[in-house]
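Database features (TrEMBL):
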DOMAIN    A:92-158  domain 'HMA'
TRANSMEM  A:176-200  transmembrane segment
TRANSMEM  A:212-233  transmembrane segment
TRANSMEM  A:245-267  transmembrane segment
TRANSMEM  A:273-291  transmembrane segment
TRANSMEM  A:428-447  transmembrane segment
TRANSMEM  A:453-483  transmembrane segment
TRANSMEM  A:752-768  transmembrane segment
TRANSMEM  A:774-795  transmembrane segment
Amino acid sequence: MTHPSCFHCNEPVLTGTQFVTQINDRDELMCCPGCQAVSQAIVDAGLLSYYKFRTEPGNKQTALVPEALNQFSAYDLPEVQQDFVHSEDNSDSVSLSIDGITCAACAWLIEHKVKQLSGVRQVMVNSTTQRAMISWDKQQVKLSDILGQISRIGYQAAPYQVDEQELTTKQNSRKFLLRLGLAGFATMQVMMFALALYTGYFTDLDVQYRDYFRWVSMIFATPVVLYSAQPFYFSAIRTLLSGKLNMDVSVSIAIGGAFTASCFATVNGTGEVYFESVSMFTFFLLLGRYFEQKARQKASVSSSNLHKLVPLTAHLVNEQGQEEIPAKKLRLGDIILVKPGEMVAADGCVVEGHSSINEAMLTGEQMPIDKPVDSQVFAGTINLEQPIKVKVTALGQDQLVAEIIRLQELASNTKPAVAMLADKLSRYFSGTILTIATITYFVWLQISPEDAFWVTLSVLVATCPCALALATPTAVTCATAIFTRLGIITRKAGVFEKLPQIKHVIFDKTGTLTCGTLSVSEVKCHSHLAIEEVLAIAAALETGSLHPIATAFAAYLTPDVVANQVHHEVGFGVKGLINGTEYRIGNAQFTGALVNPEFINQQIWLAWGNDDSLEVLATIEIKDNIRVDSKETVGILKQQGCRVSIASGDSSGHVHQLAKALGITDVHSGLTPADKLALVKKLQQSNPVVMFGDGINDAPVLAGADLSVAMGSGSAIAKNSADLILLGDHLSRFTQAVRVAKLTTQIIRQNLAWALGYNALILPLAVTGHVAPYIAAIGMSASSLIVVGNSLRLLRIKI
Amino acid sequence: MSIIYVLIPIAMIFVLIAVAVFFWAVKSEQFDDLDRQSVSILFDEDSGKPNPANIKQQEAQDKGMPQ
């Protein structure tokens, strides 16, 4: 049975024509009240261009709870604001990180929606970093209003603090761009004059014009050598000081040597100039490094958002009742009140009340965990049912979240170092060239002292490692560009070397092979009620519940079935009156159903009646949807000779069911984060292992695997410890990534072979003084251009 | 041929201006979000004006919400 797809989020519409928004005089179908409300808000604000120009569907709006809007009021507290709001004569400004931005149209939509609030002075949304800069007049509008306005069109915004690392990478990346731009402009000019000079070889250019061109070239090349090429010098000096050699050492010597010699030649009017080689070389190398920097910046942005995991405020319980205070002012032993729908502000112990808590951010499992008095709760998890009082037992660095982050850092430090081919090559290469150049100089000093310097220089220029230095970065840059186009973010270097080598893929279950959201898979009716009626009653009962199961029913809500006197029984279910009849939905015990305890995990029951007499009306099976491309991806991986396993924290039979459906035989269930890490370590001994994950609990194992992949919708910490992030949550992107990486290593090998071959060929000629300077320069430029051209072939591959 | 003594310095001034404009553009964060700027021309600026009737309705809704 196929369903039409939601106009807003492209998910299938299961509710018929119940939710409709009129867009451009056409009735468009929506899948749920959330999407309907969001699209209506967009239409009402006159922002229809969003639907016209967006390139990605919107996010499914599952939780549109009024409390969510009220939560923003905490951000209006001056103590909370002082951390991230900058005030300047009556105007406040804040940086927000926004979840759910999928394309440029989203940025436009948010900007225009926020601008409609009076008092907002400036809004700038950056769709690449998913950030917004907003300044407003605090007399006219509150921060909570702005956050509410953004959430009304379906995005979640929260202020963030830029961490130090991100700030420095941002500055570095900007400096790189300046250096690169300057080198680009200067190189264009110098090349122009170089053309005139080369022509001059064959057509007897007057000496005065030749010198003029040389002087002008020198003027343009100077800033390139002194400013643009700085990163190479610093890196060379650092490596030399630590007693090693790298590519940057020979690059620096070549740039410095060629430039100094060219300056002498210009001033004295003798010899040859290499200004265009120097500039172009610098420009190409910088271009490669710039893209590398850019990718790293993207990665550090996501790690900056980690602090959002722990809420900013807490309700402190004291003699006067309760007051809202900033979470960082909490002390050990304080009692805090956590209302339903709120995040727990600190690790602690329940001292009053009984509720269930969603620990998905820690464990990845959506099913809530029952928390009676005396049980542990953790910062960042969400209270679902009843208000509870919690005694704070750990703060700051002692909290479980901080603990997991530390575990992850530890694992990433002990990660096996994969030696990079180009790095190793360059070390030997630089050493060899420098030795040969020195020997050449001393030998020529004996033969003819006046030629010694020039011959040595031509050795350095002709064998200049530019082609070699460009071989890897250009190919990696092109491959990164394809990855970006596919929606794959590379976070660490070396991914392209590692991807083709993988032999074993391990998947986490929830959120990776499955979507991590629950839906109704099967309804068995035991009475006169039709399936639609059962679902409508269930949906009515579950309205207003924060339990993840409630989201599975949200789509079936009908306006004529309304539940009254709804009462939530923690850990059991919900009861309420519909048209005067009492209904219950929940587990077997609560609804009086008699069942085989094995199936309890995935089934819930609908019953009517009261405590004395209950009649079960229907059995509803809930499941976590398998991702559409899971089966296909697993199939392709197996075809390519990879072993595929599942390692899940879930201990229910669902894991085995899923494995069977996907054709995976190696299944490990009920694992703790430490178990998972141990499993990966064990498997690593025989084959390189790739780990897929999404929850915080996966962070250590992601950091410990040879290569780790996080889903775009996963937790920030998981993304922070992964090598690859799949945006848009398409698993099949991974197999495409493997293909691109295989091609990339192939291209890198070709480049290296060419660069080394060329150098091996030209070296004897240069040492014996048979390479005319212009040949050296042309040879060098040509070899780099061939490498760049070869790498560019990557961009043309079809995925 | 001696015209190049005049023309090249003029060209250099142009390059200087171009570099200055580039530096200004980088420093004023114009290159921070390239995806965004490449499509911004597609959006019709006038369409961003809200329908006044809807705004009033929305404000009424906001006030009605529990605080």
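Each residue, glycine too, has its Cβ placed from N, Cα and C.
All TrEMBL annotations are machine predictions without curation.
Note that this is a predicted model, so its numbers are computed, not measured.
Shown for the domain 'HMA' (A:92-158): DSSP residue counts in helix, strand and coil, namely 22 helix, 25 strand, 20 coil.
Proximity of the transmembrane segment (A:273-291) to the transmembrane segment (A:752-768) is not established, fewer than 3 Cβ-Cβ distances being under 8 Å for residue pairs spaced 6 or more apart.
The average pLDDT computed over the domain 'HMA' (A:92-158) stands at 81. Within the chain carrying the transmembrane segment (A:752-768), a Cβ under 8 angstroms from the stretch's Cβ atoms is held by residues 421-422, 425, 429, 436, 440, 455, 458-459, 462-463, 465, 467-468, 470-472, 776, 779, 783, 786-787, 790, all 6 or more beyond its ends. If you look at the transmembrane segment (A:453-483) against the transmembrane segment (A:245-267), you find at least three C-beta pairs under 8 angstroms, all six or more positions apart, and that counts as contact. Taking every listed stretch (A:176-200, A:245-267, A:774-795) in turn, the largest tally of C-beta pairs under 8 A with the transmembrane segment (A:428-447) is reached by A:245-267. Distant neighbours of the transmembrane segment (A:176-200): 209-210, 213-214, 216-217, 220-221, 223-224, 227-231, 273, 275-276, 279-280, 282-283, 286-287, 289-290, 293, 774; these residues of the same chain sit at least 6 beyond its ends, with a Cβ under 8 Å from one of its Cβ atoms.
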